[in-house]
Amino acid sequence: YIHVNTISQLVCLMMVVCGFQRIGVFRSIGANLLRRVRTERGLVLVLMSLTFFSAMLITNDVALVTFVPFAISVLMMANAEKHAILVVTLMTIGANVGSMLTPIGNAHNLYLKALTRMSTGGFLSIMAPYTLTAAILMIAFAFVFFSSRKVDQFEGLHGDDIEQSVLAPHSKSPKPDEIRVMGYGVGFTQWRVIVYSLLFVLCLCGVAGWIPDWIMVLAVVIAFIICDSHVFRALDWALPLTFIMFFIFIGNMRRVPGFTEIAQMWVGSHPMEVSVVSSQMISNVPTTILLSGFCDQWKMLIIGTNLGGMGTLIASMASLISYKSITHKYPHNKGRYLLMYTIVNLLFLAVLIGLAWIIE
């Protein structure tokens, strides 16, 4: 029942990304990009771009965990806190639509690529029109809803200065180990960046099928035992364990004749639409594992489960990360954020489903 290739690739990628997080690479990149910001609109475009592009490589979950709290602090520095709800909504959409482009952008894409043995180029070609369309919509939002008001708080600052200003913890707050500039955690060293970059390339080779998975697993595990063994404790093991449980559950359900016939009838006739609707209720990762057992129209399943990540708050579990961050900072704005998030997401979902009906 268990798809071992998917689990091994997922865990290895998660370990490498966790290693990068613990030395503060992603936040450092974001801080250095902010040095070039001169307007409110430019600030929003940079923040959206951070989650959009990073999610293609480090998954939507990690992009949001890393950059949403960062963005809230940045908006406060720029006196643009009033836009926090819309900006975080757009950043969340950016992470979800960016991650759907690549096989390593989210967990269910990794599973579908391993299951179908589709080439990376083939996968990219399926999702590229939707990611590009969503990117154009995001840019349109930035130009319509944000002004060209001058923002000069970051001008002349070094990236480390910005990072310290944004991320310095309160005296009573716990010190997160991934913030390198504050002098704690595993520490930012060039050799770790080089090692982790090589491991990331090795993982990409494993996902592409160019090297056996056992070589990838062995190399990554040995490297982190030497470089930073705390990664094994910091890793979110719940995700691969959830995959394993779903594999077992779906494997058993496929042995029930009545359920199999009904599922094949529904999924076989409208795989994309069923994927989108199911994702709104149980999120797109469980939907992918569930429907993959009863569907052979892989292209439409890939499109449906990726587009299904937009819509309700639980359509993509990564979206809950943004919700927790924004409501922790602004607990009185829970309802406003949910309303804004749902309206904007449904707009994006409607446009992309319409595109799918036209081009597929």
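Glycine residues also receive a Cβ, built from the backbone N, Cα and C atoms like all the rest.
Automatic, uncurated: that is what TrEMBL annotation is.
The domain 'Citrate transporter-like' annotation in TrEMBL covers 2-291.
The transmembrane segment annotation in TrEMBL covers 6-23 (among others).
What TrEMBL lists as transmembrane segment is 43-72 (among others).
Look at TrEMBL and you will find 84-102 (among others) tagged as transmembrane segment.
Look at TrEMBL and you will find 123-146 (among others) tagged as transmembrane segment.
If you look up TrEMBL, you'll see 194-227 (among others) marked as transmembrane segment.
Remote same-chain partners of the transmembrane segment (234-251), defined as residues 6 or more beyond its termini with a Cβ less than 8 Å from a stretch Cβ, comprise 1-3, 6-7, 10-11, 14-15, 18, 22, 61, 107, 111, 177, 285-286, 289-290, 292-293. Residues or ranges marked as transmembrane segment by TrEMBL: 234-251 (among others).
Taking Cβ pairs closer than 8 Å, the transmembrane segment (300-326) reaches residues 59-61, 64-65, 68-69, 72, 84-85, 88-89, 91-93, 95-97, 99-100, 106, 108-109, 112, 123, 126-127, 130, 271-285, 287-288, 291-292, 333, 337-338, 341-342, 345-346, 348-349, 352-353, 356, 360 in its own chain, all 6 or more past its ends. Sequence annotations record features per position, and here TrEMBL assigns transmembrane segment to 300-326 (among others).
According to TrEMBL, the feature transmembrane segment maps to 338-359 (among others).
Remark: the transmembrane segment (123-146) makes no contact with the transmembrane segment (6-23), by the rule of 3 or more CB pairs under 8 A. Averaged over the domain 'Citrate transporter-like' (2-291), the predicted model has a pLDDT of 83.
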